[in-house]
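Reading through the structure tokens given below for one structure.
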Amino acid sequence: MTLKSGKKLWNKYRHFVPVILYLLFYLAVFAYVENRPVHNMHMLVSKWDRLIPFCEYFIVPYFMWFGYVAAAVLYFAFVEKDRSQYWALITNLGIGMTLFLIISLVYPNGHTLRPTYLRRDNIFMDMVRFLWTIDTPTNVLPSIHVFNSVAVHIAVAGCPALREKHPQIVRGSLLLCISIVAATMFLKQHTVIDVISALGLNIVCYYFIYQPSLSRREVSDHVRGRLQ
């Protein structure tokens, strides 16, 4: 590889370097958070969680989350020509994931919702059991599955190229996003509190990242007009 070709390759892909570096940072900190000794775990279970039945079939959209987020990041990084949409998406994801790490460090949390015995045996239950062996019911606030799914759909729905040329992708994204959010609760991976906190964070991040030109008064007037 010549110096010229190396420089050309760097200029083409350098915008993706922050994603790689942040992913390494996130995985390292998350591994520490998951394995450190904790003496005061805060349980987040509410009465609403008891009303939601366990359903193993939601393991399918739950695992699809990994491909969903990865595909979106790669699309906006290397296919979408408007680079500002890429930066908006990874900024949104980065804020949510970083706040999750901070909350997990200063406020250890978890839940006790996972059923101890189920009289069912199928491939979906096998997938759920595998998930439970690699993912503990701790450090669940806010739900990153929920936050990242909504962040991705916001980016997809706000992309003119996808919205105008591939509306079926936008509709599919919405369906998958809703399915993933529901899966976190039906699989007893997260509590209602985890989900609500993630959605609240989505709203705040959307306001500051995608609507920076709107003043608080304009937003207030817009909401008031909708309610009248």
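Each Cβ is built from the backbone N, Cα and C atoms, and glycine gets one as well.
The transmembrane segment feature in TrEMBL is assigned to 12-33 (among others).
Annotation comment: TrEMBL describes 57-79 (among others) as transmembrane segment. Long-range contacts of the transmembrane segment (57-79) within the same chain: residues 15-16, 19, 85-86, 89-90, 93, 124, 127-128, 131, 145, 148-149, 152, 155-156, 159, 173, 176-177, 179-180, 182-184, 186-187, 189, each at least 6 residues beyond the stretch ends and with a Cβ under 8 Å from a Cβ of the stretch.
Below 8 angstroms of C-beta separation, residues 15, 18-19, 22, 26, 29-30, 33, 42, 69, 72-73, 76-77, 80, 139, 141-142, 144, 147-148, 151-152, 154-155, 198, 201-202, 205-206, 209-210 of the same chain, each at least six residues beyond the ends of the transmembrane segment (86-107), sit close to that stretch. Per TrEMBL, transmembrane segment is recorded for 86-107 (among others).
The annotation transmembrane segment is assigned in TrEMBL to 140-162 (among others).
Taken from TrEMBL, the feature transmembrane segment applies to 169-186 (among others). Residues 49, 52-55, 58-59, 61-62, 64-65, 68, 143, 145-146, 149-150, 152-153, 156-157, 162-163, 192, 194-195 of the same chain sit 6 or more residues outside the transmembrane segment (169-186) yet have a Cβ under 8 Å from a Cβ within it.
For the transmembrane segment (192-210), the list of distant contacts is 44, 46, 48-49, 52, 88, 91-92, 95-96, 99, 140-144, 146-147, 150-151, 154, 158, 181, 184-185, 219: same-chain residues at least six beyond its ends, Cβ to Cβ under 8 Å. Among the features that TrEMBL reports, transmembrane segment is placed at 192-210 (among others).
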